[in-house]
């Protein structure tokens, strides 16, 4: 028997004593359950018990939850490095192969928009040279969209089948050829010139689905908004390049100089893209083991298997269209495209007709907002990824980002409508276009989340709806100006559409994966 006043050890002694263990004479600091209850404190949900002088473990439901597994630690940095580990992670991201992929995607989208936006500047001298009315100028502006209407669904299916790398290469080559041949076509007939614009639209219809596919394959879910932000920053800088450089090039080489120069740069991009970038991280010869683990951990990606029965399956269009999240995406893309193409196509004309500025100044006023869109688009991606890493629900994050992307431009366009000077108008336009970029971390990333296996075709479907809206908005703005003599009423209509689209998105959008195959 042990002497009085000595605490029992927590481990079982070699020969268990026959007598009951002697309790310690020291008073426990923990109140007994009865006394705790008497003082109004809730009794403990579970109590430690002894069995052969050993404490039983608490029931599973009362144990502390297990910590989520930490992401891989960058090589050469201890797990407890704190700020050192964070700095190393940033350095790894900046020098990684996946950032090179995002940069090349950004360059491709910059060329995509530069080739597209040339017509927004060239339409003014072309209308003067050929005597086009605003209505026919709107038809010429929308000819690109006729082709863009045809390709997104087919292009999205091709992206899901062959992968983004191959489809993007063919797309850039084809739209660069259409841009390069535009001067030759214009010298033959207006119809041949319109055909090159249609061909440009057909080729560019695969750009965004290809970008989404590459981001899905090359980036973990906590970095996808940032990756889309980088790629779409190039997309918006393409607007700036086209709007600012086109008047300068035209003044030195003629109206069709930018078409030739931008087309040649597209061919150069293809020559770099094909050998430098692989379709998936696993196919890349120089990727590090750490980066490959960081990308693929937790992903359920299937490498394109050309010829397999699975990849030959026709996408379930009826099931895709039977879900409200699909219609939320379609509605968001339609409104995004309406506002985007109206601003892109008509703002140089808007500043020239409303404020009577010359073509070069109009290009400057119209170009500045796209710089802001590039910057804020990347910032929105960083904020979105930070919210998700800190535990914010993905659905809530997407709704926050898209609400800013719709409500912000809607309010800013009302301010633009009331502006009395080109400086104030340019400021409101910059706010509208800049806040519009938050939608890239809303609906554009959401495509990968609700249907990763159908992201390409779903993007194509929503892009087709967006193209219809863009054609209606671009042509409608021209007819509206013809009939009403001003853009102001059309801007009010666009604001109201932004507000209603924000409400529809917040009601029906989701960040969770949707069962389109009927398997669960």
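Placement of Cβ uses the backbone N, Cα and C atoms for every residue, glycine included.
Residues or ranges marked as compositional bias 'Pro residues' by TrEMBL: 11-21 (among others).
Residues or ranges marked as compositional bias 'Basic residues' by TrEMBL: 26-38.
Taken from TrEMBL, the feature compositional bias 'Pro residues' applies to 57-75 (among others).
Feature annotation from TrEMBL assigns domain 'Major facilitator superfamily (MFS) profile' to 101-512.
Look at TrEMBL and you will find 1-43 (among others) tagged as region 'Disordered'.
What TrEMBL lists as region 'Disordered' is 57-81 (among others).
Feature annotation from TrEMBL assigns transmembrane segment to 144-162 (among others).
Taken from TrEMBL, the feature transmembrane segment covers 167-184 (among others).
As annotated by TrEMBL, transmembrane segment applies to 228-249 (among others). Counting only same-chain residues 6+ beyond the ends of the transmembrane segment (228-249), those with a CB under 8 A from a CB of the stretch are 99, 102-103, 105-118, 120-122, 211-212, 215, 257-258, 261-262, 344, 348, 359-360, 363-364, 366-368, 370-371, 373-375, 377-382, 437, 440-441, 444-445.
Look at TrEMBL and you will find 255-274 (among others) tagged as transmembrane segment.
Among residues of the same chain six or more beyond the transmembrane segment (327-347), those with a C-beta under 8 A of the stretch's C-beta atoms are 116-117, 120, 138, 141, 145, 239, 321, 362, 365-366, 369, 402, 405-406, 409, 429, 432-433, 436, 439, 442-443, 446-447, 450, 458, 461-463, 465-470, 472-474, 477-478, 487, 490, 494, 497-498, 501, 504-505, 507-510. The transmembrane segment annotation in TrEMBL covers 327-347 (among others).
Annotation source TrEMBL lists transmembrane segment at 367-388 (among others). Same-chain residues lying 6 or more positions outside the transmembrane segment (367-388) and placing a CB less than 8 Å from one of its CB atoms are 221-230, 232-237, 239-240, 243-244, 343, 394, 397, 400-401, 404, 426, 429-438, 440-441, 445.
If you look up TrEMBL, you'll see 400-419 (among others) marked as transmembrane segment. Within the chain carrying the transmembrane segment (400-419), a Cβ under 8 angstroms from the stretch's Cβ atoms is held by residues 332, 335-336, 339, 380, 383-384, 387, 425, 427-429, 431-443, 488, 491-492, 494-496, 498-499, 501-502, 505-506, 509, all 6 or more beyond its ends.
The annotation transmembrane segment is assigned in TrEMBL to 425-445 (among others).
The transmembrane segment annotation in TrEMBL covers 457-481 (among others). Sequence-remote contacts of a segment are chain residues at least 6 beyond its ends whose Cβ falls under 8 Å from one of its Cβ atoms, and for the transmembrane segment (457-481) they are 134-135, 137-139, 141-142, 145-146, 148-149, 151-157, 160, 205, 208-209, 212, 315, 317, 320-321, 326, 329-342, 345-346, 353, 443, 447, 450-451, 487, 489-490, 494.
Sequence annotations record features per position, and here TrEMBL assigns transmembrane segment to 487-508 (among others).
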Looking only at the domain 'Major facilitator superfamily (MFS) profile' (101-512), report the model's average pLDDT. 83
Can you tell me which parts of the same chain pack against the transmembrane segment (167-184), counting only residues 6+ beyond its ends and a CB-CB cutoff under 8 A? 105, 108, 111-112, 115, 118, 155, 158-159, 193, 196-197, 199-200, 202-207, 209-211, 213-214, 256, 259-260, 262-267, 269-270, 273-274
